[in-house]
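If you check TrEMBL, you get these features:
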ACT_SITE  A:Thr188  active site, nucleophile
BINDING   A:Thr151, A:Lys177, A:Thr188, A:Glu275, A:Asn399, A:Ser404  substrate binding site
2 protein chains.
Amino acid sequence: MAVDLKPKNAQELLAIEGVDLFVGQAGVKKANHNDVTLLVLRPETQVAGVFTQNRFCAAPVRVCQELLPSSDIRALVVNTGNANAGTGADGLMRARAVCQAVASHVGCAEKQVLPFSTGVILEPLPYEKIAAVIPNVQPVHWDVAAAAIMTTDTVAKSGSRQIDIDGVSIKITGMSKGSGMIHPNMATMLGFVATDAAIAKEVLQVLVKEVADETFNCISVDGDTSTNDSFIIMATGTSALPVITATEGAAYEAIKAALLDLSLELAQAIVRDGEGATKFITVDVQHAKTKAEARLVADAIARSPLVKTAFFASDPNLGRLLCAVGYAGIEDLDVSQVQMWLGDVLVAEKGGRATSYVEEAGAAVMQQSDITVTVDLARGDASGKMYTCDFSYDYVKINAEYRS
Amino acid sequence: MAVDLKPKNAQELLAIEGVDLFVGQAGVKKANHNDVTLLVLRPETQVAGVFTQNRFCAAPVRVCQELLPSSDIRALVVNTGNANAGTGADGLMRARAVCQAVASHVGCAEKQVLPFSTGVILEPLPYEKIAAVIPNVQPVHWDVAAAAIMTTDTVAKSGSRQIDIDGVSIKITGMSKGSGMIHPNMATMLGFVATDAAIAKEVLQVLVKEVADETFNCISVDGDTSTNDSFIIMATGTSALPVITATEGAAYEAIKAALLDLSLELAQAIVRDGEGATKFITVDVQHAKTKAEARLVADAIARSPLVKTAFFASDPNLGRLLCAVGYAGIEDLDVSQVQMWLGDVLVAEKGGRATSYVEEAGAAVMQQSDITVTVDLARGDASGKMYTCDFSYDYVKINAEYRS
């Protein structure tokens, strides 16, 4: 059901010098299936990340939060099939046991390994199975790794960018997984992006937040925030470009733009592969007083089950869209100034339906698989976007029947 | 599909002296169908209300907000089939035209009439049709009126209470409508409660807020807040009980308890008749630091599509419940202290699944049609409840196909 989304083949993905990928079959949940992915990093790779705000955050998230940002990470290990979330102190012990196994294999300390888990919540992580497979993992390219971190995703999500900064060619490759902000009880969205640029740790920490805020933090499938969400950027520094040491300047802006571009593709891919999705929807809120205000309105529209079922039905149900704007939480909103477009069709103005609007024009836009809703609040100069999908029978089916 | 909900018959509903009810057939959307309801009040009835916070609030809501609280209201007029929302200045004019027609019929001023509309958003209200039927409305009892204010509700919602205060018998009767906090593009929940007690205007204004906060503000079907939501209490003062003039004392507490009890029944009836509902779910959050904090957690659980689809599937998916607690927004929540029960089965403790928990016990609770989820945050003495329903194929069907 994924909306306009195809897996990349190996040739479309650039190797990043300093990042070696491996996969293995631990049989965490299913047999004969790549469910462990290992990323081994050259020494001095800079690593930073952002994580779920969920208070029931998973054990691996806690371990990552303790260690990042860091100039000292040598490996990332990802397992599917079990989220190691809602597992208390025992879960932390099990996450660290996996890290210890990786450390022994790679030849580093346990605290130089970042763990990631995605899968069923509340089940003990079978760490012995994962530890046992580590010595036997096989080298792969990003396309195979992107498939190995999938849970109920239907399409592997990955991509590359190549840019030129001061005459030096810089490569960026990343992968993501997730098919809901939280999956059934298969929790999690994960994103991993690596570049051969050299970026100072403090700069990378700023960058990962800025990039996440415009990409992975702008997607919603069902409004639920998982216990395991993680987004990581790794900078190996294997290119000839001097280290980027400031959060300004041409090199910083160039690498940020490329990271944003790729991360947006990876984040949007999660929505396109959203549970039961048949349409990809961009909500673009303009002329808000603040970015937070723009996000508030975009989020209300993107989360509304009524809006999302209308998109599923290809029904230009303007009332539901206006209603969501109205309850988004802007107390002094002057609705008489609000304008709204479906695609390029003006549908609402002056507190009601646009006088020029005809239902046929709205219905034509709703037939498309990729639709933008634009809201102009006429209050200021800030704007914000959210990316979401429609809400179909299959969403209910997937989530009602997942464990049965 | 309504969950354990039957319409009341006429004998179960007490007449309130000072309130006369009438219905008529204006053909707003369908022919041969009661779609206009008129409540005529004796002079000096005190009326207060609370309304939607939606900024795209409907024209009739604006008129009511201008006029209430009041000692001067003589009539309420309700139409179904058209919400008169998202209709700008023209909508206000049309709402007032309906009030004018009622005023002429009742023999009062336009500003003594409160209008209420529920139905399609963004369509001009056919006020001429409504005005034309007013002279011909027929007297009815509350059961018929409760049916006449329905839109896609499947069961009429009404009820009565009789209490004794200082030896005086006091009657309360009310009705509500709504089958989602917002209906497809049939917006709205409406609630009307009348008592023959005498209650001072200022006291009634406090009372209506206190009652709404524990009843109609505690229900969620889909998390969308309608443009037309209104809850009104009318106190005719026709009983022998002296006027209640303070928000304290035995008489105040007694009438408040009875109003709360009836209003809770009317509010819960909306959830029981929720779109596609097969289960009624009470979320009871205890030992929060503040009531707002308790509500935050209850709301996160009650709104989660993942929790709601799990209830539909009768799947004791504890991970989704804990996950919702985790992202509710309590930043310093110590998850190791949280306990959770499904019915009377302890399911979670110490940051994970309860050691005593067995899946069979959770599965047995999930088979019931009326389920309570209890969360103990172990942080303080405040508590809060939300009432919601599950999320079924029929929710998507009803909302995807409503206009087609």
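Every residue, even glycine, has its Cβ placed from backbone N, Cα and C.
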Could you tally the C-beta atoms, other than its own, that fall within 10 angstroms of the C-beta of the residue listed as 'active site, nucleophile'?
29
Can you grab the distance from A:Thr151 (substrate binding site) over to the residue listed as 'active site, nucleophile'? Cα atoms, rounded to a whole Å.
9
Which of A:Thr151, A:Lys177, A:Thr188, A:Glu275, A:Asn399 (recorded positions) reach within a Cβ distance of under 8 Å of chain B?
A:Asn399
Are there binding-site residues among A:Lys177, A:Glu275, A:Asn399 that sit within 10 Å of the residue listed as 'active site, nucleophile', Cα to Cα? If so, list them; otherwise say none.
A:Lys177
Starting from the Cβ of A:Lys177 (substrate binding site), draw a 10 Å sphere and report how many other Cβ atoms land inside it.
29
Within a 10 Å radius around the Cβ, which one of these binding-site residues has the most neighbouring Cβ atoms: A:Thr151, A:Asn399?
A:Asn399
State the three-class DSSP label for A:Lys177 (substrate binding site), counting H, G and I as helix, E and B as strand, and everything else as coil.
strand
